[in-house]
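Per TrEMBL, these features apply:
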type	residues	note
DOMAIN	33-489	domain 'Major facilitator superfamily (MFS) profile'
TRANSMEM	89-108	transmembrane segment
TRANSMEM	120-139	transmembrane segment
TRANSMEM	178-199	transmembrane segment
TRANSMEM	211-230	transmembrane segment
TRANSMEM	297-319	transmembrane segment
TRANSMEM	331-356	transmembrane segment
TRANSMEM	363-385	transmembrane segment
TRANSMEM	397-417	transmembrane segment
TRANSMEM	438-459	transmembrane segment
TRANSMEM	465-485	transmembrane segment
Amino acid sequence: MAGDLSSPKYSTPPAKSTAVVYGGGINRLVILSSVVAASGGILFGFDLGISGGVTATGSFLNKFFPDVYAKMNRDHIHVRNYCKFNSQALTAFTSSLYIAGLFSSLFASRITEKYGRRPSMVIGGALFLAGSAMGGAAMNIYMLIFARILLGFGVGFTNQSIPLYLSEMAPPRHRGAISGGFDSCISFGILIANLINYATQKIKAGWGWRVSLSSAAIPATFLLVGSIFLPETPSSIIHRGGDLHHARILLQKIRGASVDVSEEFEDLIAASTEASKAVSAKHPFFLLVQRNYRPHIVMAIALPLFLQVTGINAVNFYAPVMFRTIGQKESAALMSAVITRVINLLCTLTATLVLADRVGRRVLFLTGGVAMVGAHVTLGAVLMSEMHEHGTMSKENAYVVVALVCVFVAAFGWSWGPMAWLVTSEIFPMEIRSAGQSIQVSVNFLMAFAVAQSLLAVLCGLKAGLFLLFAGGVMVMTFFAYWFVPETKGVPMEQMGRVWMDHWYWKKFVTTNKLHARECQGHQLTN
């Protein structure tokens, strides 16, 4: 029987005089649930890697994009190096997924809010499975793009729900490691996709791209089946008016049998009660535009926007294409993409498993930003000096370009890659949590769409100057992180309001926020 939030047993407890530190560590249930959920990141990463690889494969281009394939032949050596892959059809193939993901993530917000995090993951896995099957069987460009749209619907659901699930399941002191698993799985998915592309490219019969596209069914099946058996998060159960006794038992299992979960459980009920009052008055999306939630909506828009400004999806989408542009052969270009992805994955794992919960999020944002600026400026200078309109770059300079790309993806891997996803998954109060995450995912997809749709044309026009443009963007976002992104390390999600209360700028917006009044009384940090 579902508990009553208004009953004396579950009434909102009085404000505490000291900050609460919840107990709980890593146990088998947390690990298994997090592994299955975070594997949804593999879907997104897998698609990024596969699409970038097949678009550099001759047999795939010859079947679906013959104009691009023709530019690569000797009869078209008059085509400038930076413009060989400039094709609206090719960019539509890549970008169609992201516009589909944008719309589906907004719809997924309602599913996640009303029915829980797990159903959205199941739906996302099923849609991705259907898209991978159609992509592998595609006979024309229309089937190919429709498959991409299905894949986009799938990742829209998973990207909206999985970061919330991981943040709500994780103990506060280990949230960086567990929630960061999502971005680690994105990197792992891209690496596996690059390895598959490298292997299938060697199939002489020319159908290797079908194996690449259809192999996405493997991680999709794992997520689909695994999500069916996942527990829902206690936070979601309470917020949706579920059985409070069941929610407490589940919270006890997640945190460990020896841990006293009374404080955390009371805070979850209090947060849900306040959230219900707010949502009963206004829809969560309308709440987001209120002054009290100004910091939240700014982060939901700015962090994913800046994530794309780094230029990472230029590398994710078109790394093999760019390596072919500088003169590498098909196989060498794919192997270079594999090398860069291994480095990115190692740095991402180091950041999420070791650094995020020790040195904090801000240090990683700032150090990564400085390193990315240096990599972009140097890369742009090398290409301006050594990459000309026609002909190929020397092997030595090509290795320098690959090394600089490795520096860039390493810096991204320990900073903005995992940290942007992590911070946006942990800062939203319960009443706007699902809506806020859907805004974050939608902005991410919108910017990814814009990058995918315009990158090849911009590369053709700006040439090496594109990387200087990225450097300027990274510089701006690093200053933004320094001045406006608060430190969230170790702060329970139900007490997150105090990080805004202590921030030099955001405190002017949240000081009158009644929804955070309880957590700000006695929880306010001293500077």
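A Cβ is built for glycine as well, from the same backbone N, Cα and C atoms used for every other residue.
Spatially, the transmembrane segment (331-356) is adjacent to the transmembrane segment (178-199); three or more Cβ-Cβ distances between them are under 8 Å for residues at least 6 apart in sequence. 297-319 is the stretch from 89-108, 120-139, 297-319, 438-459 with the greatest number of Cβ pairs below 8 Å to the transmembrane segment (397-417). Contact between the transmembrane segment (89-108) and the transmembrane segment (438-459) is present: at least three CB pairs lie under 8 Å, with pairs separated by 6 or more positions in sequence. Residues of the same chain lying 6 or more positions beyond the ends of the transmembrane segment (438-459) and with a Cβ under 8 Å from any Cβ of it are 82-83, 85-87, 90-92, 94-95, 98-99, 101-102, 105-106, 108-109, 112, 152, 156, 159-160, 288, 297, 299-301, 303-305, 307-309, 313-314, 317-318, 321, 424, 466.
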